[in-house]
Amino acid sequence: MAAVSPTTRCQESVTFEDVAVVFTDEEWSHLVPTQRDLYKEVMLENYNSIVSLGLPVPQPDVIFQLKRGDKPWMVDLHGSEEREWPESVSLDWETKPEIHDASNEKSEGSLRECLGRQSPLCPKFEVHTPDGRMGTEKQSSSGETHKKSLSQDKGLRRGSALPREILTKERHQECSDCGKTFFDHSSLTRHQRTHTGEKPYDCHECGKAFSHRSSLSRHLMSHTGESPYGCSVCAKAFFDRSSLTVHQRIHTGEKPFQCNECGKAFFDRSSLTRHQRIHTGESPYECHQCGKAFSQKSILTRHQLIHTGRKPYECNECGKAFYGVSSLNRHQKAHAGDPRYQCNECGKAFFDRSSLTQHQKIHTGDKPYECSECGKAFSQRCRLTRHQRVHTGEKPFECSVCGKVFSSKSSVIQHQRRYAKQGID
């Protein structure tokens, strides 16, 4: 079996939470300003080290707050027992000459005493040396205390490999819905919100809700207009560095995430994950109204509009409304002018390439979409979907007047014309 490179293993297992160090309010109060500056330096360096490995790491709350100069997020004491921490996180602080007066040494000693013991304030934290023994302070001839920094002991300087205990750390928290595993309970809890739809973080400006605090933090920037990360090529700005990194690959053409099944490559891991569901058939997003499942959350969102009847995308020219922005874009091309895409076989023209591609299957006889129940094949996926309702008995389209349900949208439109005709008569 081929050896797995350290980078590959990191991409499969490491999250920022695995190498992050957080404090309670009481622990934070023991830190003097220079120690807090060191904490900021180490946390930002660890985060940047993981990002530099090509991992699609969303910007955590603590990093967002540190960059803004805010007080970093602290551990919730009531939930601290559920948090699984790395077993060998070194909390030795790198000594800087300016912090070694008597008061600072006392403050640092209190912090080290807190972090070195097993207590509810700091569970599972121990001070370790590289060989695994409990760390001790060494005195030089001048009496100065020398210590190792967190980033040095963890081997997380920029460009260095991640330590072995992180690479081999076991995932023991499993999602009961999809089987995906995580290092800790908090990561599992965040993941499970994709199944439950829970969004506990509300924007106080517009009321929009989010499943993750970091997503809310990025959204809040849209109200303030703050976009601190600008592209040097096109000047487009982004709310976080990871989004800028993905965007810059458009200019460089880099596609580091490749599908093992078909070889297709993508700019980011999320696009690869969505693509791989084509091969696996996974459909994790289920409609609570009709039970239909989808491979992408955006497709589920568009589908749910069928049940509500809401069409949020309206044409400015004629007022016609659509369920999806892609449908609106295709429609607006009709107002823009002559169709650009012409069929070489019959001369029929279309406003977009996808419509031309679908049309050309009439000439080629290509029917790639086959029903698994009866084997009947179709040239378009939407026609296969309508056909499968014959087998499932699904009738997702409801008449808003009488409540009668139908298997296709065209049937409900035809049915409603009867009411319109009766109204005219």
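FYI, residue positions are counted from 1 along the chain as it appears here.
Yeah, the Cβs are placed from backbone N, Cα and C, and that goes for glycine too.
The compositional bias 'Basic and acidic residues' feature in Swiss-Prot is assigned to 125-136 (among others).
What Swiss-Prot records for 144-156 (among others) is compositional bias 'Basic and acidic residues'.
Annotation comment: Swiss-Prot describes 14-85 as domain 'KRAB'. Here the domain 'KRAB' (14-85) has a mean pLDDT of 61 out of 100.
Among the features that Swiss-Prot reports, region 'Disordered' is placed at 125-160.
Under the heading zinc finger, Swiss-Prot lists 173-195 (among others), citing sequence analysis as support.
According to DSSP, the zinc finger (201-223) comprises 11 helix, 4 strand, 8 coil. Sequence annotations record features per position, and here Swiss-Prot assigns zinc finger to 201-223 (among others).
Swiss-Prot lists 229-251 (among others) with the feature zinc finger.
For the zinc finger (257-279), the DSSP counts in helix, strand and coil order read 11 helix, 4 strand, 8 coil. Feature annotation from Swiss-Prot assigns zinc finger to 257-279 (among others).
The zinc finger annotation in Swiss-Prot covers 285-307 (among others) and is backed by sequence analysis.
Long-range contacts of the zinc finger (313-335) within the same chain: residues 302, 305-306, 351-352, 355, each at least 6 residues beyond the stretch ends and with a Cβ under 8 Å from a Cβ of the stretch. Residues annotated as zinc finger in Swiss-Prot, with sequence analysis given as evidence: 313-335 (among others).
Sequence annotations record features per position, and here Swiss-Prot assigns zinc finger to 341-363 (among others) based on sequence analysis.
Within its own chain, the zinc finger (369-391) has Cβ neighbours under 8 Å at 358, 361-362, 407-408, counting only residues six or more beyond its boundaries. The feature zinc finger is assigned by Swiss-Prot to 369-391 (among others), with sequence analysis given as support.
Sequence-distant contacts of the zinc finger (397-419) (same chain, at least 6 residues past either end, Cβ-Cβ under 8 Å): 306-307, 309, 386, 389-390. Look at Swiss-Prot and you will find 397-419 (among others) tagged as zinc finger.
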Notebook entry, point to check: For the zinc finger (341-363), what are the same-chain contacts with Cβ under 8 Å, counting residues 6+ beyond its ends?
Noted result: 329-330, 333-334, 379-380
Note to self: Can you break down the zinc finger (229-251) into helix, strand and coil residue counts using DSSP?
What the structure shows: 11 helix, 4 strand, 8 coil
Item checked: Counts of helix, strand and coil residues, the zinc finger (173-195), according to DSSP -> 11 helix, 4 strand, 8 coil
